[in-house]
């Protein structure tokens, strides 16, 4: 086989995983997300508004200074600024969120299947951590204070817990305009339809009655 062809194949093999790992480079200045099929072209999960029709409102989100309502079972509230809230983020590969915590408030174990996350504490103290993948399942944790920053690698289960006696606030930035959120307990015990209790009892080494009880609870996202 021709040497130059071999070299080309090697280079293609090296470059291809990088090229298709995330959104391709934009080919236009903006791709404001719209939900109307007649309004644009479908691009990576959203339809794209004609760039000539884009306005400043497509690139503005107001209200991140407003505290989230933490009066729920978890004692926390996430205010996302993803593509659904800020259409101008479409195809840009970035987003953010505000997370409010009451004392003992928890942002429960969850994953972002399409994004890494970097979090900065604005007020209060948070106990945070993530778990590495099989087979080690190593728990990596620390306590963050105001101004501290922590990163959660893409796809790994992670959490934040307010162990302080006052409210806490954090801002998270994510490497996707639509990072996705899978809250572990909600997905496992609150799926629709429910996963067989035989499956969950065996998987979690629990009595079926415990599984049935967990599945009967109200699993609401915060």
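Every residue, even glycine, has its Cβ placed from backbone N, Cα and C.
Here TrEMBL flags 107, 112, 117 as oxalate binding site. The Cβ of residue 107 (oxalate binding site) has 74, 76, 78, 99, 101, 159, 160, 161, 222 as same-chain neighbours under 8 Å, each 6 or more residues away in sequence.
Feature annotation from TrEMBL assigns Mn(2+) binding site to 110, 112, 117, 158. The Cβ of residue 117 (oxalate binding site) has 23 other Cβ atoms within 10 Å, all protein chains considered.
Look at TrEMBL and you will find 31-48 tagged as disulfide bond.
Annotated domain 'Cupin type-1' per TrEMBL: 62-212, in sequence order. Residues belonging to the domain 'Cupin type-1' (62-212) score a mean pLDDT of 96 in the model.
As annotated by TrEMBL, signal peptide applies to 1-21.
With a 10 A radius on its CB, residue 48 (disulfide bond) counts 20 other CB atoms from all the protein chains. Taking the mean position of the Cβ atoms of 107, 112, 117 as the oxalate site, the remaining same-chain residues with a Cβ inside 8 Å of that point are 97, 110, 111, 119, 152, 158, 172, 174, 179, 181.
Cα-Cα distances to residue 158 (Mn(2+) binding site) place 112 within 10 Å, out of the recorded positions 31, 48, 112. Between the candidate recorded positions, 31, 110, 112, 158, the densest Cβ environment within 10 Å is the one around 31.
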